[in-house]
2 protein chains.
Amino acid sequence: MSIKIGILGLGTVGCGVVQVLQQNAKDIQTRTHCDLQIKAILDRDLHRERDVNGDFLLTDQPDEVLHDPEIDIIVEVMGGIEPARTFILDALKHGKNVVTANKDLIAVHGHELLDAANEAGKDLYFEASVGGGIPIIAALKESLSANKITHLLGIINGTTNYILTAMAEQGREYAEVLAEAQQLGYAEANPSSDVDGLDAARKLAILASIAFNSRVALNDVFVEGISKITREDLTYAAELGCTIKLLAVAKHQDEGIEVRVHPAILPLTHPLASVNGVFNAIYVVGDAVGETMFYGRGAGSLPTGSAIVSDIMRIARNLKSNSMSSINCTCYLDLPLKSSSDFYTAFYIRLLVKDEPRVLATLALLFAEANISFASIIQKQRGKDQAEIVLVTHPCREGALQEALDSVKAYSKVLSIDNVIRFEKDYPES
Amino acid sequence: MSIKIGILGLGTVGCGVVQVLQQNAKDIQTRTHCDLQIKAILDRDLHRERDVNGDFLLTDQPDEVLHDPEIDIIVEVMGGIEPARTFILDALKHGKNVVTANKDLIAVHGHELLDAANEAGKDLYFEASVGGGIPIIAALKESLSANKITHLLGIINGTTNYILTAMAEQGREYAEVLAEAQQLGYAEANPSSDVDGLDAARKLAILASIAFNSRVALNDVFVEGISKITREDLTYAAELGCTIKLLAVAKHQDEGIEVRVHPAILPLTHPLASVNGVFNAIYVVGDAVGETMFYGRGAGSLPTGSAIVSDIMRIARNLKSNSMSSINCTCYLDLPLKSSSDFYTAFYIRLLVKDEPRVLATLALLFAEANISFASIIQKQRGKDQAEIVLVTHPCREGALQEALDSVKAYSKVLSIDNVIRFEKDYPES
């Protein structure tokens, strides 16, 4: 069976798709019993230098790809919302199956696109939209589908993990490591989408929607970035037997679901703690399977190409057996979202105080008034009459913590509250 | 659509399957759009106490399950080769789809069973046969199918990983930890299948066959158990920044494939090094995806039930869409197997020698004659005139190492060669 592919976009990821299809052509053919051929590629710029070539049409006319009646599968790797959204809807209407790597689009318009695919009776796969080559979406939709997923914790942004790993391992400051990451091409000139947590939030919205069968929109995700993390925090974390990661957290509890992206202190014994550098990993707890983790490269042309081409091969098998995946939109529930004041975590609080008797006792009382007690305390002399105190609380409601912090701020012996970082204890919770 | 299930065996795993099907019944129905019902369960012993019950027939007559025309899916969780093999073949002939958790059977008769499924036009899934709830078989067959897999390293036996973890963390001896594991039920009264590496070898034969698309029989796997590992070896490993794991290793190189199960020294920086206790993990390197790892509980009634019920749900979707998985036997190549003398790894060698001048120099010369050089050396005084030496070689042919060891044994200053352990460096190899 001959299957023809059209690709929208020939940037880094598009070139990765072409390369994987070409370098493993023979195995791909044997494994699918199909002859997969790239027929046409759309790109705005027909003349820029690229490492790939082959027997395909390179065009800047969308219709030459989207409306070619011979093309069975459209691969969208342009990125961005528009025109990608319109092109995918158009492709589905014209009877094409679609593979996309577009997290921005799926996070915001996934529902619309999956419904359109369903209506057209076509497949829409998007494994590459989260975690590069890590097959987390197939795991959630299929291999773990016998489970109620209760927790999903991910390191799903390579840039921030590279920065935090370098800060932890080399004792360097955020700004310095960020600048280096920009030079090495691991961070963009405008790094906001990565370091402010938005990229991770998009991916978490996708993962949580699938894991909990309930739509989580990008705006539902509480987001906090890593720019407030200092060398001192990483040193204290190490003293506590922990490290700091930008975590994407989704939990399903009786009261509802909570979805949040923020830096978190994580015990070194947690499987995610040793996920370093540009690697990604998603830790998933299900009621039957227990703890699992999926680890790999979260970006890059070939890892992303691996996910996209594997999706293409699924569609090829479906076409050959004249079926479709039939797992399009899986959001059959409408679970309530917890507000951030109801999040329930432990906290790390770093304060500068006057080094006088009874200060610690007073602090303990202020927290106790909000029903918050401490799991550990570190105190260090800073200068002649100041002390730095790190408090690690037992898990508490975030609203209660905010109340306590208001009282602490008003306490005259407190010079500054220098950082407040959520602390994720080992899972599953007792 | 109503789908009826028959289960062969109601031991630990069988009860796990029933429990998962019951506790998540509503979600399973919504996710598959099918009503899955257990109709009959076969077990030799109709009267033993069990935690499960439900509206199904419990029978000791195989035909009441295998030949019930209403049953669509047979779940084989009896274990062992016979009568499981005959029952599965019989079920396929009678038009049933089959899910099995039986590693012994798949490792030895997988080819025959997959061919029978293919001929019958039925699905045969066996995700639970390796790694409990970890979806490694789906990953290799589908999600990573765009790749040429080059390396697969697994910790796929929970008993030996529990023992080695306890030895490493608590500085205890093998025999003592084994006895404790037996008391706790983590090791069997006759622990040979686990500690001698046979259980891991069966699982590796299954994984390597799928990863490399070439049949690897159980007898093709080189196997060495963990009973030779001592507290001293773990202490030296720690000094070298490493730990010791029972590794299942499969590599695909130009000359052929090598498949081996043995204790291995592994740098702490390797993702598998922090897989502790009864957890399993499989580290897979593909030419496009790069390094990946899949982690979770490798055994237990609910994790295994998770994999089995997810396989049942795949079949339900296939039945509903009137298709089949069409990825049965994937061994379309016939790759040559490397003999153990051609394995290429580094080695850790622990020797007791006379503490005299020139002994180390002579040892170095003896290894150099076989073209083997050292990456690290540790020497410690042992008693008045003896020294313990640990040599870590650079990677070499295993045949060359054996030659060198013969010369070393014949050298009069060498009192004993106390251990020789393979040393797996970080992957992918440079």
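Even glycines carry a Cβ here, placed using N, Cα and C.
Now, the feature entries from TrEMBL:
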BINDING   A:L8, A:G9, A:L10, A:G11, A:T12, A:V13, A:G14, A:C15  NADP(+) binding site
BINDING   A:K103  NADPH binding site
BINDING   A:E188  L-homoserine binding site
ACT_SITE  A:K203  active site, proton donor
DOMAIN    A:348-422  domain 'ACT'
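In sequence order, A:S129, A:V130, A:D199, A:R202, A:K203, A:I206 are the residues of the chain that are 6 or more apart from A:K103 (NADPH binding site) and have a CB within less than 8 Å of its CB. Rounded to a whole value, the Cα-Cα separation of A:L10 (NADP(+) binding site) and A:E188 (L-homoserine binding site) is 19 Å. Spacing of A:G11 (NADP(+) binding site) relative to the residue listed as 'L-homoserine binding site' is 16 Å (Cα to Cα, whole number).
For the recorded NADP(+) site, residues A:L8, A:G9, A:L10, A:G11, A:T12, A:V13, A:G14, A:C15 set the reference point as the centre of their Cβ atoms, and the other residues of that chain within 8 Å of it by Cβ are A:I7, A:G16, A:V17, A:D43, A:V77, A:M78. Here the CA atom of A:E188 (L-homoserine binding site) lies 15 Å from the CA atom of A:T12 (NADP(+) binding site). Broken down by DSSP into helix, strand and coil, the domain 'ACT' (A:348-422) contains 24 helix, 35 strand, 16 coil. On its own chain, A:L8 (NADP(+) binding site) has A:G14, A:I41, A:L42, A:P62, A:V65, A:I74, A:V75, A:E76, A:V77, A:M78, A:A84, A:F87 as residues at least 6 apart in sequence with a Cβ closer than 8 Å to its own Cβ. The binding-site residues A:G9, A:G11, A:G14 differ in how many other CB atoms lie within 10 Å of their CB, and the one with the most is A:G14. With A:E188 (L-homoserine binding site) as the anchor, the candidate binding-site residues are A:G9, A:V13, A:C15, and the one with the nearest CA is A:V13.
Classification of A:C15 (NADP(+) binding site) by DSSP places it within a helix. In the three-state DSSP reading, A:L8 (NADP(+) binding site) counts as strand. In this view, A:C15 (NADP(+) binding site) is surrounded by 20 other Cβ atoms within 10 Å of its Cβ, with every protein chain counted. Confidence in the domain 'ACT' (A:348-422), given as mean pLDDT, stands at 95.
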